[in-house]
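The structure appears right after this line, and notes come after that.
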Amino acid sequence: MWELLARSLEASTIFLFAALGELISQRAGVLNVGLEGLMLFGGTAAFITAQTTSSYPLGLLAGLAIGGFLGLAHGFFCITLRGDQVVSGMGLWILSFGLTTYLGNPYTGPLGLERVPRFFGLSPFYPLGVMLVATAWFLLFRTSHGLAIRSVGENPGAAEASGIPVAVIRYLCVTSGGILAGLSGATYTLSYNPVWNYNFLMGWGFVSLALVFFSMWNPWILLAGASLFGIMWQLSLSPELVLPGVLSRYVWRTVPFAITIPILCVISTPWFRTRWGLAKPEALGRPYAKE
Amino acid sequence: MKRGSAAAPEPILAARGITKRFPGVLALDDVDLDVYPGEIHAVLGQNGAGKTTLMNILFGLVQPDEGTLEVFGRRVRFRSPHDALTHGIGMVHQTRRLVSAHTVLENIVLGHPRVRGVLNLRAARTEVETLGNRYGFTVDLGARVWQLSEGERQWVEILKALYRGARILILDEPTSALTPPEVKTLLAGLQGLVRGQGITVILVTHKLPIVMSASHRVTVLRSGKVVVRLKTAEATEEILVHHMVGRDVAFRSTDRALPTGRPLLEAEQLAAFNDKGLLALRGVSFSLREGEVLGVAGVTGNGQEELAQVLAGLRPAASGSVRFDGQDITRLSPLQRWQRGIGYVPAERSEVASIAAFSLVENITLNYHFDPAFTRRGVLDDAGLERLTQRILSAYNVKAPHQHTRAQHLSGGNLQKLILGRVLSRRPRFLIAHLPTHGLDVEATAFVRASLLDARAAGAAVLLVSEDLDEILSLSDWVAPIYEGRFGAVLSREEADAETVGAMMAGSLLKGARGQ
Amino acid sequence: MKLGRYELTLEPRPALPPFHAVLTAVVAILLALAFSSVLFLSAETNIFTAYRAVFSYAFFNSHGLLATVHRSIFLLFCTYAFLVPLRAGLWNIGLPGQVYAGGLAGFAVPFVLGAPQVRALPPDLLIVLMMVAAATAGAAVGGFAGVLRARFQVNEILVTMMLNSIIFWLVAYMIKEGGPFMSATGEGESFGLPVPLHAPLLLGVPFTALLALGAAVLLDPLFAKTALGYRIRAFGESPAAARYGGIIPMALSLVVFLLGGAFAGLAGYHYFAAVPGVYKIPGNYGYYGDLGFYGIICALIARGSSLGAVPIVVLFAGLSLGARFAQGELRLPFGVDYALLGLLMITFVASHVLYRFRFAWRRIPPEALPHVSAELPQE
């Protein structure tokens with residue numbers, strides 16, 4: 001049972017990293033629907049690098065770097081070129097989906113390194129995730145930089161008039177978001193499930209994206225949501241631990257996705273939005289043109 | 001520029017030969033501006049005269065193509081508002097530059113160079129409170145900006161600029177969204193800043209009474225050029241309007257014989273929520289006969305938008321009912337209302353009333369795609385729509401290269417004429433016009449007003465929503481001041497004088513409300 | 001970017017002549033071909049030999065040509081499944097889910113009726129039933145996302161993506177490990193269709209080709225000439241203006257997603273029940289779902305034109321098939337068709353930038369050069 005919980009927490013870490021990056025990026029007003037793509041690319045790069053160099057740190061670094069680079073690319077399209085954020089995000093996702101399948105294919109199979117050390121069965125990434133949540137919360141709500149980030153996401157015109165460099169802040173947030181997405185992918189391929197397979201995420205990134213909407217853009221609520229989904233996800237992978245013999249294992253796999261839809265509906269209702277949803281950054285998804 | 005008087009101060013801010021070109025437009029042409037310490041300097045001009053561009057240059061938002069700038073006697077070049085702020089220039093924009101989800105204090109400290117790293121809001125609060133006391137204004141620093149009135153928000157911006165160390169304050173159209181009492185408070189406050197604290201104020205406006213009552217000196221801009229510089233004491237409204245417009249403008253007046261007959265539209269205790277889920281319209285009742293204009297006078301954000309949208313079917317009524325021509329239409333869709341002859345001219349011309357990327361013909365189609373006269377078995381009658389567009393373009397004097405131009409290339413005035421022409425071409429029996437002349441130049445304004453009166457003469461009932469009291473008083477048969485979602489009263493034109501209506505717009509005199 | 005006294009900037013294009021859209025599509029395709037040559041660099045032959053191998057298989061080999069046609073039909077359906085909601089400003093990335101749903105529903109017809117009924121009823125009727133069932137199932141899946149979008153403003157990208165995963169696993173349940181549709185041999189694929197239910201062929205091509213081409217011809221005038229098309233476009237440009245003009249968002253989102261879903265359902269029917277030699281839901285059905293994403297790129301590059309999408313679809317179908325064939329020939333790594341998918345997306349985004357921006361050279365005014373400080377010393 002502890003093993004299941006430890007594994008669930010590791011699964012939540014993957015949701016958490018990606019969603020936290022997306023949260024920071026969205027707080028600055030940039031939506032990246034291609035989150036899954038960044039995770040795929042980060043995970044694949046980490047896996048290939050770790051396997052060829054036999055070094056976890058190098059693999060992790062490669063994952064972070066590629067995630068950051070793709071975040072930067074998204075930023076260039078959305079901030080500098082003021083392109084449609086959905087077009088760019090979808091582009092990144094399909095790009096990553098296609099290219100990682102091609103590039104990673106020769107590496108299909110297990111990583112072949114000693115497993116990342118665990119403490120009482122718990123991966124070191126989980127405490128890192130909790131620390132990052134605390135850091136992100138402190139940064140966003142207790143520092144002037146956080147105030148600047150939130151202002152850029154709410155009303156970039158007001159921020160600019162106060163002397164805040166809107167574009168710089170957006171670039172920083174999108175790139176950090178990308179780095180965290182890369183970290184998330186690397187956590188998957190290096191620690192959680194060190195076996196490369198094409199399209200290994202199968203929707204993790206989109207669930208993470210949904211988690212950001214559930215979180216009301218608050219890192220602590222995000223942590224709770226990610227933990228919940230991590231447990232649910234792990235249970236859906238091994239339902240026999242709870243309900244042996246009931247329904248096919250394939251049916252259980254649909255559960256995390258199926259639950260996401262009604263939650264999305266509830267948080268989208270006017271009832272919910274007028275009570276809790278005020279946290280949504282007002283300029284989210286809108287390109288900002290300096291006058 | 002010596003005045004010969006004993007003091008003869010040097011200008012605190014001097015712009016020389018400022019020229020700015022935008023693609024296809026010469027926005028500013030060799031403009032000089034001298035502002036002296038401790039004065040309120042009005043910059044007067046119509047829309048498109050270049051006032052805002054000039055101010056954006058002074059504030060570093062826009063860089064001039066030619067010309068130099070001196071502040072406190074030093075040559076400067078501003079690359080961003082940040083540079084202007086460090087030189088003691090602060091700006092309060094026409095549209096509020098505040099983050100409405102944040103608190104007043106958070107807004108004031110945002111971007112301040114001394115507030116870096118970990119936020120110490122307690123220290124900042126003390127500083128801001130001291131500053132506020134010194135200048136004599138009190139705002140609840142913990143309140144969220146969206147909870148404040150427009151007047152309070154403006155003071156927050158002024159306080160913010162002062163907290164940043166501004167000695168020169170630029171205010172762009174500061175009175176445009178204020179009630180008459182709020183305007184008085186603002187102007188008195190500015191006088192206090194200038195006299196007591198040595199702040200210099202540049203006041204950008206197109207409103208003559210403001211210039212006459214508040215400023216010491218005035219510079220008039222027209223089409224990007226300085227036309228005249230005057231001491232306000234030496235100017236009259238007539239002189240200024242002549243310089244501002246370049247000629248004299250007269251409005252057409254019509255006879256005001258009130259029609260009789262049974263009511264066409266009856267609203268009973270209408271209430272509606274706004275987008276934030278708050279009850280913004282709180283029980284409004286009125287009735288209108290054919291050929292009558294009801295002017296709803298109020299400052300934006302008092303429920304007018306919700307009223308217009310409820311009547312147009314774009315927002316559900318929380319309670320109450322609307323009857324049109326004897327039938328209950330409270331729950332009808334926008335489409336059903338169009339079909340019954342209710343026309344709506346929304347305030348948001350380019351976001352709601354038109355589609356920027358569509359051609360003019362396609363924009364006309366927006367009110368005709370459901371019309372059996374222009375569709376045959378689901379197929380649009382392109383030729384008919386083109387002829388219709390041509391008729392509207394010429395009848396409403398819309399200046400456009402041709403009818404397949406995209407709507408985004410039309411100027412604000414031409415776009416509004418197109419929209420108004422489109423709605424009026426449906427010959428609506430009831431017309432809702434929301435801020436129909438907001439931001440238009442004098443000529444387009446006169447044309448739009450004349451068109452509204454024509455519609456009235458043709459027998460339409462008109463609900464006119466406006467912030468401009470003069471507009472309301474010159475066009476309406478009935479006047480309803482609106483404040484916080486309620487009508488102060490429904491006054492006949494004879495009962496409605498500027499003072500009464502102005503006071504009701506600001507929420508006073510509600511007790512003496514009279515029904516129709 | 002600054003180069004000495006000159007500055008190179010990207011400027012938004014003020015107005016776009018109509019030929020510009022065609023031009024950017026052509027540029028996109030050329031870029032795609034250039035980009036895909038990157039893939040062949042790792043091949044042991046030179047790039048031109050590689051391209052010759054790809055194209056001669058895809059278009060000049062009777063077996064390959066037929067495969068290209070089959071794939072083109074599939075991709076056309078997928079393209080329209082994405083294109084119709086796109087014109088209303090909505091992103092239907094639920095193509096895989098809708099394709100699977102179409103396939104499942106098609107196979108459900110003979111399954112539910114049972115072998116005796118299938119033998120008794122006229123096969124033409126059954127084929128029509130299967131097709132209608134597939135289109136309906138796709139439409140239902142799409143319509144679900146459409147309703148949620150209109151009623152609750154739920155992000156359609158997230159919902160359609162969730163549906164993709166859900167239906168993916170449902171197919172696995174249906175055809176694997178003792179699922180109801182599992183083949184008698186138990187190989188993790190569905191039962192094969194009985195011969196009478198194989199879709200009729202015209203010149204070796206299933207009749208679904210006619211449907212796809214019909215859609216290609218009819219969709220453009222639908223958008224350009226009809227009131228419904230106008231409403232879809234108006235809603236896509238500005239939902240607020242559309243609502244003001246009397247268009248009902250709920251109905252419109254539903255219509256485009258129903259229509260889009262039906263196309264994707266037909267794509268599923270086509271590949272699983274009409275392509276000769278398949279006639280079953282294979283164990284690697286996920287591959288066909290992934291192929292559906294080509295539809296997104298084709299629709300985007302065609303800028304919403306149904307007829308304009310046809311050559312793009314045929315080219316990409318041929319390219320992806322030929323590349324897969326060449327993969328063996330040229331000893332390329334697996335997944336060339338996936339790589340192509342990714343590269344084409346860069347191509348689209350790049351051409352999108354060129355469509356909206358142009359490069360401009362401008363001389364920097366001397367006083368704006370960096371060596372001038374913000375303040376000059378006081379005299």
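Every residue gets a Cβ built from N, Cα and C, even glycine.
The model shown is predicted, which means the values in this text are computed figures rather than measured ones.
The following features are taken from TrEMBL:
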TRANSMEM  C:21-43  transmembrane segment
TRANSMEM  C:63-83  transmembrane segment
TRANSMEM  C:90-113  transmembrane segment
TRANSMEM  C:125-145  transmembrane segment
TRANSMEM  C:157-175  transmembrane segment
TRANSMEM  C:201-223  transmembrane segment
TRANSMEM  C:244-273  transmembrane segment
TRANSMEM  C:285-302  transmembrane segment
TRANSMEM  C:309-326  transmembrane segment
TRANSMEM  C:338-355  transmembrane segment
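Take the transmembrane segment (C:90-113) and the stretches C:125-145, C:244-273, C:309-326: counting Cβ pairs under 8 Å, C:244-273 has the most. Nonlocal intrachain contacts for the transmembrane segment (C:125-145), taken as residues 6+ away from its ends with a CB within less than 8 angstroms of a stretch CB, comprise 81, 85, 92, 94, 97-99, 101-110, 113, 118, 156, 159-160, 163, 167, 196-197, 199-200, 208, 254, 257-269, 273. Here the transmembrane segment (C:21-43) sits against the transmembrane segment (C:309-326); at least 3 CB pairs are under 8 Å, leaving out pairs fewer than 6 apart in sequence. Nonlocal intrachain contacts for the transmembrane segment (C:63-83), taken as residues 6+ away from its ends with a CB within less than 8 angstroms of a stretch CB, comprise 56-57, 91-93, 95, 98-99, 138, 142, 204-206, 208-209, 211-213, 215-216, 219, 260-264, 266-267, 270-271, 275, 288, 291-292, 294-296, 298-299, 302, 304, 306, 309-310, 313-314, 316-318, 320-322, 325. Among the listed stretches C:201-223, C:244-273, C:285-302, C:309-326, the one sharing the most Cβ pairs under 8 Å with the transmembrane segment (C:157-175) is C:285-302.
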